[in-house]
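Taken straight from TrEMBL:
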TRANSMEM  21-43  transmembrane segment
TRANSMEM  49-66  transmembrane segment
TRANSMEM  87-108  transmembrane segment
TRANSMEM  114-136  transmembrane segment
TRANSMEM  170-190  transmembrane segment
TRANSMEM  255-275  transmembrane segment
TRANSMEM  287-308  transmembrane segment
TRANSMEM  328-350  transmembrane segment
TRANSMEM  357-378  transmembrane segment
TRANSMEM  384-403  transmembrane segment
TRANSMEM  424-442  transmembrane segment
TRANSMEM  448-476  transmembrane segment
Amino acid sequence: MKKKSLGVNALLNSIRSILNILFPIITFPYVSRVLQVRGIGIYNFSNSIVSYFLLIAALGISTYAIREGAKLRDNKQKISKFVSEVFTINLCSTLISYFLLFLCLISFPKLHNYISCILIFSLQIFFTTIGTEWIYQIYEDYSYITIRSIIFQILSIILLFIFVHNSQDYLKYAAITVFSAAGSNILNFIHARSYCRIKLVWHFNWKVHLIPILIIFGANIANMIYVNSDITLLGLMKNDYIVGLYSVSSKVYQIVKTLIAALLIVTIPRLAMLFGKNRIKEYKSILSSLTNTLVLIALPASVGLVMLSKEIVLLISGERYIKATNSLSILSLAYIFSILAWILTDCVLIPSKREKYVLRSMGSSAILNVLLNIILIPPMNENAAALSTVLAEMCMFIVNYHYAKDLVSDIFTSRKFFKNLMDSFVGCIGIVIVCLLCRWGWDSTIMMTISSIVLSIAMYGAILVLVGNEIVFSWLKKVKEIINKKV
């Protein structure tokens, strides 16, 4: 297979991530005002319930398939056999997931008020399975994924403004959300034929796939618990209004996290392939570059969001959601721990077949998150959910590092890593100063926000150049080479 540029893939995935960001930026202010706090609360609570059953259907298949498939992708016969076996397992888990969902809807009266919205969201379970997104990640085909995303994001925006007009239209909004994913997944299934042949097979060694898949699944359950338990427990212990407030801050947090992680996501298949083929020197080189680059991005994102949390909430959702400011500021502190933990999970522990340690890490984080939510939500409302997320991310990073330190200690204790941390810290001081000056200089919220973001990026970049940051100079060198080629 022709080797694809990580830089190009990162750019394409960044475009995709930006589209995923622009979609809620364009739609969420409209939706939050039209559906109001209660409608948003119902929508998000229903979505959080279905997310658990999406997880059951998915098992640990995507992560496992990327790790193992990356080693087989150059042999069409072997990859077709592998994909067919994994797809068959996925279809069986999907049927089990639907059975459990319907059982829960019958058994828990609390869910009866949400049943229509939950059933609409449940369509995602089937379409996600046939979507086989992991095939495209195995082959690093981010050009197809990006084009597909553009088409369905545009269609979804058009449908949103046509059909969603009042607070009772949350079901239509849910249906549009499902349509966007379903359309993409149908195209995925059709287009996958260009890479391999997918068919249902029954006579194969299920055990060889199921053991690692189920271990990863256990880790994914723990991860989903601590990701979704915030909204779920807020919905059970408080009310739709509190869920609506936290939905705003968590939405912004996830948007920024997705953009930061664009580089990480495209690197995972390459690292899995290099480690699987025992090309450790290349693996370590890419892992070191990835870690140091994301440190330079995550810290300023965290500081910038803390400084602009009030303005962002006002611009996205309006005055009615102003109480979400504090929870957004708290959540912003989680970025550095979250990104580093993510690197250690998907780029180190999973490729090295240490999924049992990922299970321990995510399990301990999930337990901590749930316990903190139960204790703190009654007095602290949505701020408790934000604080528990920060502490859970910190816990995950510490435990992951413990289990991966034999592979990464030379990276995390290197002079280069600490130099980048210090460079970023100095740059973040510049961001704080810029944001404070812009707040004093502008009365307009939108002008203050735009000027703060633009000038903060300029200030941060200038500081990194002044302190002689190697990564920034390597970026500038690449830009210069591209310009020279064009000229």
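Using the three backbone atoms N, Cα and C, a Cβ is placed for every residue, glycine included.
Automated prediction, rather than curation, is the source of TrEMBL annotations.
From a predicted model like this one, the values you see are computed outputs, not experimental measurements.
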Near the transmembrane segment (328-350), which same-chain residues lie under 8 Å Cβ to Cβ, leaving out any that are not at least 6 residues past its ends? 63, 67, 216, 248-250, 252-253, 256-257, 260-261, 264, 267-268, 271-272, 287, 290-291, 294-295, 298-299, 301-303, 305-306, 309, 312-313, 357-358, 361-362, 383, 386-387, 389-390, 393-394, 396-397, 400-401, 403-404, 407-408
When you check the transmembrane segment (49-66) against the transmembrane segment (114-136), do you get at least 3 Cβ pairs under 8 Å, counting only pairs 6 or more apart in sequence? yes
State the residues, same chain only, that lie 6 or more residues beyond the ends of the transmembrane segment (170-190) and have a CB under 8 A from a CB inside it; answer 'none' if no residue qualifies. 31, 35, 39-40, 42-43, 46-47, 116-117, 120-121, 123-124, 127-128, 130-133, 135-136, 148-149, 152-153, 155-156, 159-160, 163-164, 198
Pairs of Cβ atoms less than 8 Å apart decide it: which stretch in 87-108, 384-403, 424-442, 448-476 has the most with the transmembrane segment (287-308)? 424-442
So, taking each listed stretch (87-108, 384-403, 424-442, 448-476) in turn and counting its Cβ pairs to the transmembrane segment (114-136) that are under 8 angstroms, which one gives the highest count? 87-108
Using Cβ atoms and a strict cutoff of less than 8 Å, what residues sit near the transmembrane segment (424-442) while being 6 or more residues removed from its termini? 295-296, 299-300, 303-304, 307-308, 448, 451-452, 455-456, 459-460, 462-464, 467
